[in-house]
Amino acid sequence: VEERPMWEPEAWGSSGGWPPPRGARAGPSLSSVLNELPSAATLRYRGPGVLPWGASEEEEEDGERNIQAIAEAAQKELEEPLPSRELPWPLQARRAHRQSHAKDQRTQKSGSRGEQWALWLRRSKEKMKAGLHTLQPWAWTLKRIGGQFGAGTESYFSLLRFLLLLNLLASILKACMTLLPTWLEGTPPGPPGPNGSSPCGFYDPNLQGLVAFPTHLFNLLSGEGFLEWSPLFYGFYPPRPHLAVTYLCSVFVIGLLDLLLILHRSTSGWRLWMYVELEEAVVRRQAAVRTLGQQAWVWSVRILLNLLVIALLGTAFYGVYWATGATVDLQEMPLVQEMPLLKLGVDYLPSIFISGVNFLLPPVFKLIAPLEGYTRSRQIVFILLRTVFLRLASLLVLLFSLWNQITCGGKAEAEECKTCGYNYKELPCWETRLGQEMYKLLLFDLLTGLAVMLLIQFPRKLLCGLCPGALGRVVGTQEFQVPDEVLGLIYAQTVVWVGSFFCPLLPLLNTVKFLLLFYLKKFTLFSTCSPASRTFRASTVNFFFPLVLLLGLAISAVPVLYSLFLIPPSKLCGPFRGQSSIWAHIPESIYTLPQTVQDFLFFLGTQAFAVPLLLISSILMAYTLALANSYGRLISELKRQIETEARNKVFLAQRAVALSSARGAL
């Protein structure tokens, strides 16, 4: 994480650094000289065409009209390249540009049609890349955000745009592989009525008689009633052979596509920016000179604080587990059934607990981290790890509690689960129940974001304007918290990955949610937030957070695969009703394929395919680890060099102040 350098010459002098100059009592101070340096005056890069801080919204429209002129200038530069010495590039890049330009000139003079075609194709590829870059959604908006609030904030909106693309692709695939086969084979039948002869009872979620409007509204928020038997949830889809195959294949296709796109983004977006904080060097030097008693005290404090963190996490997880189990009991109370608003609150009880702990505990982690005595970068790492664990583990606790209800606590011989293999009395269509929980989590997350914006962020901004002076600045000043916002996106996407099998239209709903979120966050950013005093490094968003996103994808695969292979599907709803397991339909469908296709698919499951694949994967992993170790040594050497350069600058500044003071004394 890159932060603004904190120049503390007193700390340098007191910690074994360089002594302050003797004649530095008169004239400008070292702090004033350092604050006048270009590196301290310019906190972040401001690209071409970026508006000044605090510019009005009308100026943004003028900037958007200028983007076409910028694109035309870039295209002209491709057609008529500038001399290498006039390009604001590093020496190595200018040398490569000069060699490429000389090669192009030789190709044009040679007259060979093959080389001219290759030159034309390369030029066309460069023009196409430049054109596609200008056609990216919100390109100018991201550029303006990066110029005013830093590259880290810009990378958050870039990640939001990337997740919006993932959900849009998943929505298209779901529509083609789930909705179209459902309607092309005829109108789906309604829910099984009470006249059926199934030993697992009956399942009819539709309300009978005249339904009041408030009931429809509450059903819309909870996913019950008319929404429960609709294309939104798993139970609506009929048991048709082709539909069952495409329904299941859509999950694997979307998961594989998301995996490849995330890997591509995490590798292509890897940019390492090295900045060494002088304040972190001070902390490291102070840690190096601690006595044995001081070390024991520091480690005692760290152990006690980590025990406190574990206790907070355990309490939060138990609260989520209790809320999920108590929901069923509270819904059966007569008072809850008579009051629709109270019933809606009971339905949202697990979502309220999860959102509550995700809202309250991360600020506590931020208060605890500075007390552990780590450097600033290490503190941020611990905060991120604890927050990631809290968000993803709370979701797993919710699913574990639901599985206990579905499988009767894993006891297959229990009376409720003995007949059908699952608790059919409380959950006649357990897949739809899981989909409803994910639907409520997505909806409640959006409503929570709106409530925070309307009830906290905007009142703080108004308070800043109504209370001039230090009180208004302290209470009203707010910054865009990049780590918290990014982890919120990853949590929301993990919820969608878990629920997309049980709620097929969840990616479409999340597409609409992320689209609204982009404009809401943009409006909040420019209306209520100020540029961060400690800027967040963009390479963390481009590299570390995609790794967390991959972790969310891996965690979401666990409940889906568990449901596919180990839990019997509902007997009264869904495309897999009547099967021993959801996956059992796939081998039956394979036997209907041609013999050559069958042999190839069965070969993929043999040792002749698995062993070479394992060997190749091991070799690639070993190569990647070796490459990472070499990069790590190079990075450490570069850090030492940059720290040395920083010390040189401070030393030269001290000498300049000393000379200036001596000249003033004369």
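Note: Cβ is positioned from N, Cα and C throughout, glycine not excepted.
Automatic prediction, not curation, is the source of TrEMBL annotations.
Pulled from TrEMBL:
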- 1-33: region 'Disordered' (REGION)
- 45-65: region 'Disordered' (REGION)
- 93-114: region 'Disordered' (REGION)
- 162-184: transmembrane segment (TRANSMEM)
- 244-263: transmembrane segment (TRANSMEM)
- 303-323: transmembrane segment (TRANSMEM)
- 348-368: transmembrane segment (TRANSMEM)
- 380-403: transmembrane segment (TRANSMEM)
- 429-539: domain 'TMC' (DOMAIN)
- 494-520: transmembrane segment (TRANSMEM)
- 541-562: transmembrane segment (TRANSMEM)
- 609-631: transmembrane segment (TRANSMEM)
Would you kindly list the residues that approach the transmembrane segment (609-631) from elsewhere in its chain, counting only those six or more residues past its ends and only Cβ-Cβ distances under 8 Å?
603
Stretch of maximal Cβ-Cβ contact with the transmembrane segment (162-184) [cut-off: under 8 Å; candidates 244-263, 303-323, 348-368, 380-403, 494-520]:
494-520
When secondary structure is assigned with DSSP, how many helix, strand and coil residues does the domain 'TMC' (429-539) contain?
87 helix, 2 strand, 22 coil
Do any residues, 6 or more residues outside the transmembrane segment (303-323), come within under 8 Å Cβ-to-Cβ of it, and if so which ones?
349-350, 352-354, 357, 361, 364-365, 368, 371-372, 386, 389-390, 393-394, 397-398, 400-401
